[in-house]
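A.B. asks: This structure is in structure tokens; I'll ask about it shortly.
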């Protein structure tokens, strides 16, 4: 129960912050011409409170067998009522020593709120400057839309939990490791020349993404 209250407070803080920005910054999502999104084949009069409710984050457990953080997104795909509202969320759980690898969100700014633990974060702007910070419970950190960023739990004994809000109901995700060396299937020749390394290095990086 206490955990649920903490999560509720964290979500409220993140959404309140985005709400204060919405008066001066246009959301990246198209503006609705109705009160809210109505799924195809439905009419607004047939919907009830269940449509505006989502339970994705109830009792979510982290993957303790992975080197990566467990990210549980709540966007318009999981919660259709968010469609067109310019907001979504995610719960990020960091078991000891785990990382959320460098990535970008092409359609949304991210606002992160630390619920528990100490989290190290960083972002890189278009001048290649790296901005880093160590966050404590109650701290907020903003990652501007489209910029490469990461989070890591450097503590080998204590877990970290954070909740994020996005300025889009579908912010998108481009993970640099998997995009460069995984599913995108960029040719090894392109990667070798781009990083000035041998084929053996590229093959090892590609193998690590399987």
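Heads up, the Cβ atoms here are built off N, Cα and C, so glycines get one too.
So TrEMBL lists these for the protein:
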- 1-27: signal peptide (SIGNAL)
- 58-203: domain 'Cupin type-1' (DOMAIN)
- 100, 105, 110: oxalate binding site (BINDING)
- 103, 105, 110, 149: Mn(2+) binding site (BINDING)
A.B. asks: Cβ distance under 8 Å to residue 149 (Mn(2+) binding site), same chain, sequence separation 6 or more: which residues?
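C.D. replies: Residues satisfying the criterion: 102, 103, 104, 110, 121, 122, 123, 124, 143.
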A.B. asks: Cβ within 8 Å of the Mn(2+) site centroid (103, 105, 110, 149 excluded): which residues?
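C.D. replies: So the additional residues around the site are 104, 123, 143, 147, 148, 171, 173.
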A.B. asks: Across the domain 'Cupin type-1' (58-203), what is the average pLDDT of the model, as a whole number?
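C.D. replies: Summing pLDDT over the domain 'Cupin type-1' (58-203) and dividing by its length gives 96.
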A.B. asks: Using DSSP, break the domain 'Cupin type-1' (58-203) down into helix, strand and coil residues and give each count.
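C.D. replies: The breakdown for the domain 'Cupin type-1' (58-203) reads 22 helix, 56 strand, 68 coil.
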A.B. asks: Can you tell which of 103, 105 has the most other C-beta atoms within 10 Å, given these are the binding-site residues?
C.D. replies: 105
